[in-house]
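*Asks:* Annotations per Swiss-Prot:
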- 5-121: domain 'MTTase N-terminal' (DOMAIN)
- C14, C50, C84: [4Fe-4S] cluster 1 binding site (BINDING)
- 153-177: region 'Disordered' (REGION)
- 179-410: domain 'Radical SAM core' (DOMAIN)
- C193, C197, C200: [4Fe-4S] cluster 2 binding site (BINDING)
- 412-482: domain 'TRAM' (DOMAIN)
Amino acid sequence: MPESRTVALVTLGCARNEVDSEELAGRLEADGWKLVDDAEEADVAVVNTCGFVEAAKKDSVDALLEANDLKGHGRTQAVVAVGCMAERYGKELADALPEADGVLGFDDYADISDRLQTILNGGIHAAHTPRDRRKLLPISPAERQEAGAAVALPGHGPTDLPEGVAPASGPRAPLRRRLDGSPVASVKLASGCDRRCSFCAIPSFRGSFISRRPSDVLNETRWLAEQGVKEIMLVSENNTSYGKDLGDIRLLESLLPNLAEVDGIERVRVSYLQPAEMRPGLIDVLTSTEKVAPYFDLSFQHSAPNVLRAMRRFGDTDRFLELLDTIRSKAPEAGVRSNFIVGFPGESEADLAELERFLNHARLDAIGVFGYSDEEGTEAATYGDKLDEDVVAERLARVSRLAEELVSQRADERVGATVRVLVESVDPAGEGDGVRGRAEHQAPETDGQVLLTSGAGLSVGRMVDAKVVGTEGVDLVAEPLLGSPEWSEEAGR
């Protein structure tokens, strides 16, 4: 019997890319490929790249070069680029980076197995010429669902399989194959974006906004629960737009309670919310539905009106603070995170001071700060009044220092509070990191963790109530409560 073909998936970038990698993994495994964790053990190393900002693109190139270094002295025979940077640059990337044996776009995903086999056999796959993927779907959202059947939409599940391939209880295989044993998994709610932020190129390569049907999201969530997942995080470029192409802009409000009722799911988290599209009903559902985390990942980006207008965005400091007041009037301990761009073209000292005023009053749990840099193909790249790089760097350092101080202060405010923690890692020796998890106000990777002072009887995937007794920067230190049903049940075994 011939030795099985092996493939490793290396994922960079956001949670949406993680979903796409698991779809690719499912397709490859269904076609006989053996998935391995270490690229050194793979015939083909597939690097799922990020093309968001310059630093992310550099990381993607570095990962491709690192994988290429494995060729010639191990099992690895080919390195293939997929993902956003591959889609965005296509042939340009292939010409600039001959170390990659193939550059595959989203349209290649349905045939990923054949593409990799061709490359592994020494064949050449001609990289695509990039196109604006917004033009693949109708301008009218109401017409997109029908047209979407003919468009590659990574993470939406395959549309190229015959009916009846998989049981009705779950998504049609091969939808995805989990690449780790984490009790947390992202679920793609939609793809693309209809907003026209002047600094962002994502819509050009991810396309116009298109929702997944609620039944598909529910089926995938049930399947994930069967795999041991306890928390799902809904991801897309803009979750607040969910349902607008399905005839119901409030569809998220009705979907969330249904997701929370899926057997085995203990927490539902929503990410990527646009402040300008927040509505009272959505705030109500996010703050009052059992098992739905009162968590708000709000994309503020700035708070000075002049800068926001130049960004083609809406709002100001006072309106954003009013939104936060509304949220906290319903859920005082709600978690809030956001990202900000400093050094945007035309940003004055007064604009920066206005952003700092907002940050000082907002009491955010997590803050990401980025220095502006031109992204080709964006409106902002054509702007005059650009700031010198050293000015951008100074402002980035200044606001980053403030952000670090503020999120530490916000963590201190939670001392004495009771938090519900999903256990994500347990050191069996009781040393090192001990038992770590996340509370409702903490999303994976970005928002800090909770270190539990006692781990007796706790295991990965358990929920436990704990009292916050201290902090380590943005992280919390908490003591499990003896009365927590899950802790007591597990500890007594």
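Here the Cβ of each residue, glycine as well, is placed from N, Cα and C on the backbone.
These numbers come from a predicted model, not from an experiment.
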*Asks:* Round to the nearest Å and give the CA-to-CA distance linking C50 ([4Fe-4S] cluster 1 binding site) with C200 ([4Fe-4S] cluster 2 binding site).
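*Replies:* Their Cα atoms are separated by 14 Å.
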*Asks:* State the three-class DSSP label for C84 ([4Fe-4S] cluster 1 binding site), counting H, G and I as helix, E and B as strand, and everything else as coil.
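*Replies:* SS state of C84 ([4Fe-4S] cluster 1 binding site) = helix.
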*Asks:* Using all protein chains shown, find which of the binding-site residues C14, C50, C84, C193, C197 scores highest when you count other CB atoms within 10 A of its CB.
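*Replies:* Within the set of binding-site residues, the most crowded position is C84.
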*Asks:* State the Cα to Cα distance, in Å, between C200 ([4Fe-4S] cluster 2 binding site) and C14 ([4Fe-4S] cluster 1 binding site), rounded to an integer.
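*Replies:* That comes out at 15 Å between the alpha carbons.
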*Asks:* For the [4Fe-4S] cluster 2 site (C193, C197, C200), what does the 8 A shell look like? I mean other same-chain residues with CB within 8 A of the CB centroid.
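*Replies:* Counting only non-site residues, the set is R195, R196, F199, A201, I202, P203, E237.
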*Asks:* Kindly state the mean pLDDT of the domain 'MTTase N-terminal' (5-121) in the predicted structure.
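*Replies:* Mean pLDDT, the domain 'MTTase N-terminal' (5-121): 91.
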*Asks:* With an 8 Å cut-off on Cβ distance to the C14, C50, C84 Cβ center, who else from the chain surrounds the [4Fe-4S] cluster 1 site?
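*Replies:* Apart from C14, C50, C84, the close residues are L12, G13, R16, N17, T49, G51, F52, A56, G83, M85.
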*Asks:* Just how many other Cβ atoms lie inside 10 Å of the Cβ on C200 ([4Fe-4S] cluster 2 binding site)?
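*Replies:* By my count, 22.
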*Asks:* Which numbers of helix, strand and coil residues does DSSP report for the domain 'TRAM' (412-482)?
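*Replies:* Helix (H, G, I), strand (E, B), coil: 2 helix, 32 strand, 37 coil.
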*Asks:* How does the domain 'MTTase N-terminal' (5-121) divide up by DSSP, counting helix, then strand, then coil residues?
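*Replies:* The breakdown for the domain 'MTTase N-terminal' (5-121) reads 62 helix, 21 strand, 34 coil.
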*Asks:* To the nearest whole angstrom, what is the C-alpha distance linking C197 ([4Fe-4S] cluster 2 binding site) and C84 ([4Fe-4S] cluster 1 binding site)?
*Replies:* 18
*Asks:* What's the CA-CA gap between C193 ([4Fe-4S] cluster 2 binding site) and C14 ([4Fe-4S] cluster 1 binding site) in angstrom, rounded?
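*Replies:* Answer for this pair: 16 Å between alpha carbons.
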